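Engineer: So TrEMBL lists the following for this protein:
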BINDING   63, 96, 97  Fe cation 1 binding site
BINDING   216, 217, 249, 250  Fe cation 2 binding site
């Protein structure tokens, strides 16, 4: 349950990326390209640049920075992530992502803040901290799983159930409102790993569930799967102004990853959504789309030195 290994990059390249990241004149898509490079870069300089980015005005961007800090699994991030989790004035989506990131890092030091917020007044934050604690507990009982690399280059909030599990059984677990969120997530990731029409249909049924946290994770994995059968589900979520912003934002970025004519028109329409998190997600998704349509491979800023870590996952994850 690890992400891809961090790589060495020249100090001058990291310095150039950091400069662009904190430049008030950098557009949001430009900052995202930098973020996706720094996420995979080893060392204190990259970590310090990401910490500075947590002061950005965009809640969407801050939450993705918190996500990247968790994916790096660098214990240097624990202090700043804990501060975010404690900050009741911070956007709930950013606090949720900080909690998930602490769960991804998973050391003893992460337990205290997660325990303090497992009954948080914000449901999504509370559920995230409960999941994170259960993930750490599960890894303690299954230490051999800690070295497994995800097929999607991500540190998932829970392990996946075996892909040999029948799809209908996974669907039942996923949709059961009485099951632990940990178990429902484990079914969710198994369906992602299985893929195919039946798996997408089972995942799409979640959008009728109560938990915004679960729905946002389903939208995220649909973006990972890149299955066009998911477009109908995701489009409906993005269009629903009554849906939680964290779910709609994840649907927007997933649509950007799937990338076809229908999604392009929809993202352009909702780039002016009154909810900033949704609008900003559409702007970034459109930039990713335009980059890929121009023949680009890695959605990342390589810095003036032309060197950067590979950006395996060119959209958000939040997991978060």
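Our numbering is plain: 1 for the first residue shown, then up by one each step along the chain.
Using the three backbone atoms N, Cα and C, a Cβ is placed for every residue, glycine included.
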Engineer: In angstrom units, rounded to an integer, how far apart are the Cα atoms of residue 250 (Fe cation 2 binding site) and residue 97 (Fe cation 1 binding site)?
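Structural biologist: Cα-Cα distance, residue 250 (Fe cation 2 binding site) to residue 97 (Fe cation 1 binding site): 13 Å.
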Engineer: Near the Cβ of residue 250 (Fe cation 2 binding site), how many other Cβ atoms are there if near means within 10 Å?
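Structural biologist: I count 34 other Cβ atoms within 10 Å of it.
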Engineer: I'd like the Cβ neighbour count for residue 97 (Fe cation 1 binding site), meaning other Cβ atoms within 10 Å of its Cβ, all protein chains included.
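Structural biologist: That number is 31.
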Engineer: Could you give the Cα-Cα distance between residue 217 (Fe cation 2 binding site) and residue 97 (Fe cation 1 binding site), in whole Å?
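Structural biologist: For residue 217 (Fe cation 2 binding site) versus residue 97 (Fe cation 1 binding site), the Cα atoms are 12 Å apart.
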Engineer: Which has the fewest other CB atoms in a 10 Å radius around its CB: 63, 96, 216, 249, the listed binding-site residues?
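Structural biologist: Across 63, 96, 216, 249, these binding-site residues, the one with fewest Cβ atoms within 10 Å is 216.
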Engineer: What's the number of neighbouring CB atoms sitting within 10 A of the CB on residue 217 (Fe cation 2 binding site)?
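Structural biologist: A count of 31.
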